[in-house]
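The structure appears below as structure tokens.
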Amino acid sequence: MKFTDEIKRRRTFGIISHPDAGKTTLTEKLLLFGGAIHEAGAVKSNKIKKGATSDFMEIERQRGISVATSVLAFEYKGTKINILDTPGHKDFAEDTFRTLTAVDSVIVVIDVAKGVEEQTEKLVEVCRMRNIPMIVFINKMDREGKDAFELLDEIEQKLNLTVTPLSFPIGMGYDFKGIYNIWEQNVNLFTGDPKKDIEDTIEISDLSSPELDKLIGEKSADNLREELELVDGVYPKFNKEAYLAGNLQPVFFGSALNNFGVRELLDCFVAIAPTPRAKDSDSRTVKPDEKEFSGFVFKIHANMDPKHRDRLAFIKVVSGTFERNKNYLHVRQGKNLKFSSPNAFFAEKKEIVDISYPGDIVGLHDTGNFKIGDTLTEGEILNYRGVPSFSPEHFRYINNADPMKTKQLDKGVDQLMDEGVAQLFTLELNNRKVIGTVGALQFEVIQYRLEHEYGAKCTYENLNVHKATWVEAKDIKSEEFKEFKRVKAKYLAHDKRGQLVFFADSQFSLQMTQQKYPSIKFHFTSEF
Ligand code: GDP
């Protein structure tokens, strides 16, 4: 196959949702369609079980799953689909944000009864800011839930989206009869038989046809006609350009558990979802069909076996082809590396691959060369942007609890930070180390992994920080900046890249500082 055809047939996306909306179930059904798995239950949920905060076996279990489900690839009707797994737990939100830098589109799963939930809001906002094309799947139609129009309203308002339904439910819950597929103009009747792989659809291109009354009953048919008329009048028509630009979001209804409405979603997805997109770097925009390879690291996973310290770095191929045993430039380190056993991922296995195309994810064994955000090229000096650090929410001093193991502790902390588990800051005043995390859970993960993988012990001490902000000064020689550094010395630190960071202990003190030093900018992410 031609290089450009390989690009055109790829769809790399992520499924985002609030925990429990049905992400795992939907993933599984999609894989069933692709023939990538053959039974339900093959995809493990990457959820942290409730109350598992201090259950370390649970953390290990979760890590195991997150390796296994990092990327799930399958073929469907001639397209190669790569699903990138995104943790739903809020303590791991930053992992999800980073994974979103490697997707070309997303599917948002919403529970029909719960509507728009907190995590959905946060994740959709990130996608909206980056203009990532989104398709919404409203799940659990076999249960009583919100009225379809009410829910569409809620999605528009809370998620700030412009929706256009491409399917519409006929009843719901106990009374759920099926869906009308606006996209394909056919009716799919709900039988509630989850074993049925593909439901039989009945073509109804003319809604006034009496056949519709026969199928679902006169009352439901009239109701549906009215609702579809309303849909037609209220919502904008589907428009592929608007969808691809992130300005219009198609909506599907269904029940993942019953494998209902999923085929409709997948067929539409394959038809409209973007092929691998161009990506901005610090020097230029790189197109997927360029000959030379380039890609970036969006995830790093440590080996589960503490005896083997190697890690797996996940690279998204942006342009050209990634080939086994070929030399590539690690731009940050300025050195050439080649890889003898790059991995590709499939639903139930990973395999060594000789060649990967734009949109694909390659897993590279790494002994400590990679950090999240690193770029690989065939020699060109460029760095992909868009894998920023966000301000952590929790901050603690980290202390060495075993002076004989200082080296191990330093190495462990260093590697865990490269993996993106948390962020390390060094205070300017006294060189004390501070760890910042998105969720409280990470402190336990770090402590546990330091002990089990590096043989080091640490303790924590609370530190009152509201937000870490990255400092940008117009003129570092100015009197204003000098005064800022002197007055705020106690609150200044450096992140791992050496960038200056200001720790604000409250929202109020941040505002005061901003007012007092107008020429200094305080950023909430490390990339500006
Ligand atoms: P995740 O946390 O988003 O990955 O959600 P899961 O896929 O694990 O689903 C959470 C729960 O909802 C599980 O008990 C599923 O069996 C259930 N579920 C998923 N889809 C449906 C559906 O269409 N109908 C019903 N009734 N339950 C569903």
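A Cβ is built for glycine as well, from the same backbone N, Cα and C atoms used for every other residue.
Residues or ranges marked as GTP binding site by TrEMBL: 17-24, 85-89, 139-142. Sequence annotations record features per position, and here TrEMBL assigns domain 'Tr-type G' to 8-277.
Overlay of TrEMBL annotations on the structure.
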{"residue": "SER17", "record": "GTP binding site", "DSSP class": "strand"}
{"residue": "LYS23", "record": "GTP binding site", "DSSP class": "helix"}
{"residue": "THR86", "record": "GTP binding site", "DSSP class": "coil"}
{"residue": "MET141", "record": "GTP binding site", "DSSP class": "coil"}
Report summary line: Cβ neighbour count (10 Å, all chains) around SER17 (GTP binding site) is 25
Query raised in the report: For ligand 1, which among the binding-site residues SER17, ASP20, LYS23, HIS89 have a CB under 6 Å from it?
Result: SER17, ASP20, LYS23
Report summary line: One finds that other Cβ atoms within 10 Å of the Cβ of HIS89 (GTP binding site) number exactly 18
Query raised in the report: Which residue, of the binding-site residues ASP20, MET141, has its CB surrounded by the fewest other CB atoms within 10 A?
Result: ASP20
Report task. Specify the count of other C-beta atoms within 10 Å of the C-beta of LYS23 (GTP binding site). Result -> 28
**Report entry** Those residues of the chain, 6+ apart, with a Cβ under 8 Å from that of THR86 (GTP binding site)
**Finding:** GLY14, ILE15, ILE16, LYS23, ASP95, THR96, THR99, LEU100, LEU123
